[in-house]
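Asks: What follows is a single structure, and I will ask about it in a moment.
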């Protein structure tokens, strides 16, 4: 076996540059690596200790907080190699994957039940005022009560099932209504005039119907009239004069259309009279 002798001109610095490592002057140069058995390691190498090996790798690549990429996040989903890579999205901390925006049970029940109370309050107050609350009821009266209870149940069911929808709609309507508060006095005056003009036919109908049917007709026309008054008040507050303006526009539109047709029929001039040279 031949001995390998290094020439005298080769210095320790040149060996360090050649091997790309720093040589410990006390321990000497690194021994040669035997590729056949692969077991030869430097006697003073830190790789003999696995813990130090991990620390050296960390120091080598400088894995610390200062060199962490800004877009890296432990909560991001891993990128797969199948097909198109999905975008980096944060994981949601919801068990069902959807947010629950529903209102609390008690508030939902209270508001839905309040709508039924407001629906039944006028009828109950009127019956108590007439001292006819569950007194001397016949088949027709009990049929009407049953129909009223069924209507209340249907209203409560819809109020409960579509709670989120109708509460948002009512909230937006109230906000829009409050923006038009300057129109409220005029709308109230128009509703008052509406009650005066329609009040006399209601009184006549109650007298014509008689005592037996007077209660039902009076109750029905009171409810219908109250609803109409509320609708007129809302419409005239949000858009004053909208109903009257629409009627006037239609009348003006019909008159203008008739006048236009009349002008076209009697004042149209033939083209040959306008251009007599065209005949020649």
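Quick reminder: no glycine exception, Cβ is built from N, Cα and C everywhere.
Pasting the relevant annotations from Swiss-Prot:
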COMPBIAS  1-29  compositional bias 'Basic and acidic residues'
REGION    1-49  region 'Disordered'
REGION    64-100  region 'Disordered'
TRANSMEM  105-125  transmembrane segment
TRANSMEM  142-162  transmembrane segment
TRANSMEM  184-204  transmembrane segment
TRANSMEM  218-238  transmembrane segment
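I would like each feature placed in context: is it buried or exposed, what are its neighbours, and how far apart are things?
Replies: Remote same-chain residues near the transmembrane segment (105-125) are listed as 133, 148, 152, 155-156, 159-160, 163, 167, 219, 222-223, 226 (criterion: CB distance under 8 Å, separation of at least six residues from the stretch ends).
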Asks: Report, as numbers and ranges, which residues of the same chain sit near the transmembrane segment (218-238): CB under 8 Å and 6 or more residues beyond its ends.
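Replies: Non-local partners: 122-123, 126-127, 176-177, 180, 183-184, 186-188, 190-191, 194-195, 198, 202, 205-206, 209.
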Asks: Apart from its near flanks, which chain residues at least 6 from the ends of the transmembrane segment (142-162) lie with a Cβ under 8 angstroms of it?
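Replies: That would be 108-109, 111-113, 115-116, 119-120, 123, 216.
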